[in-house]
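A.B. asks: Got a structure for you, questions after.
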Amino acid sequence: MGKSDFLSPKAIANRIKSKGLQKLRWYCQMCQKQCRDENGFKCHCMSESHQRQLLLASENPQQFMDYFSEEFRNDFLELLRRRFGTKRVHNNIVYNEYISHREHIHMNATQWETLTDFTKWLGREGLCKVDETPKGWYIQYIDRDPETIRRQQEQERKKKQDLDDEEKTARFIEQQVRRGLEGKELEQPIYTELNRENEEEKVAFNLNKGASTSISTSSKTSSVLGPNALKMVEGAVKRKESAHSSGQSKEKKKKSALDEIMELEEEKKRTSRRDYWLQPEIVVKIVTKKLGEKYHKKKGVVKEVLDKYTAVVKMIDSGDKLKLDQTHLETVIPAPGKKVMVLNGGYRGNEGILESINEKKFSATITIDSGPLKGRRVEDIQYEDISKLA
């Protein structure tokens, strides 16, 4: 068995020694070689291959340092984003996990001398939130991905809408409670002094206050008052019952709770909005300048809506077909008396007739001309919620 054989005792011992992390000061980033001791690193520095790499790096040392620094930063942030997300974590934990990979970029080849300097640099550049504690430096990744920002904005918008719905429901319940309490006189309790005629007599409390009070009151009234007084009381009771019955008939004429709930749901549906508004067969205007002056401020007809936010527009003048996003388009308001389509809100998808335009409020008044809401007049509808029909 040869000396350099793979299964020789010397080769096996070398592989065992090279396992795990080695000391950083004995690693050569230019040659990507890890030495196990100071003598080995010294021999490597005097080798011909190392001298050639140093001559190559001496021509433009800043370029090599910038390259290693950029690679180290990208790999470190990618590990932080993928492994820990936006959680707050100690910087040494992330660094130990980063250097556990054998082929990583070592910090002694970058522009940062220590991990603390690198952490402070991340905070200054706005890539992470950093704070110093008695236990050391903590970092928190800042996710600036457009998809993540859009998702957060959508969640905030949904949360705000839910809070508005809860507030409307609470206000509706409060109105119902107030309406139920109208016309009812609250009984004012009468407080009397507790006197004991006999000191040896036990004090007894009767919790059935209503029954005992009514019985005792009726017995006292019958004993003290005469028959004429009883007739007067009966007449007053009859008048009170007739007034109560008339009040109930008036209450029946008022709207029931079910009708008010239906109106509240309809109001909620009418005020609901979406972030897309494109509809087929509407006239739109191109507002982007990226297509040149040929199409800027020109009108076209939406022939097809592809994915809620993209439309195929056929130009009215030239007949050209363009595929455009809704951010590059705006609605067209016709003259009064023309047909329009509602693009957003609770009346979305209904056709109508434009009645008038309020230029100060940038709104219009239309009359619904289709569907179950035909004939309904809608006021103060915004310009961006309606557009001319082709």
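Note that Cβ sites are derived from N, Cα and C of the backbone, with glycine treated the same way.
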A.B. asks: Could you tell me which of the ranges 144-166, 236-258 is annotated in TrEMBL as region 'Disordered'?
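C.D. replies: Residues 236-258 are the ones TrEMBL records as region 'Disordered'.
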A.B. asks: Within the same chain, where does the domain 'KOW' (333-360) have neighbours whose Cβ lies under 8 angstroms from its own Cβ atoms, ignoring anything closer than 6 residues to its ends? I mean 6 or more beyond.
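C.D. replies: Apart from its flanks, the domain 'KOW' (333-360) reaches 266, 269-274, 277-279, 281-283, 366-371, 373, 377-378, 380-381, 383-389.
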A.B. asks: Averaging the per-residue pLDDT over the coiled coil (149-176), what integer do you get?
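C.D. replies: Residues in the coiled coil (149-176) carry a mean pLDDT of 80 in this prediction.
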A.B. asks: Can you break down the domain 'DNA/RNA-binding protein Kin17 WH-like' (52-178) into helix, strand and coil residue counts using DSSP?
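C.D. replies: Here the numbers are 88 helix, 15 strand, 24 coil.
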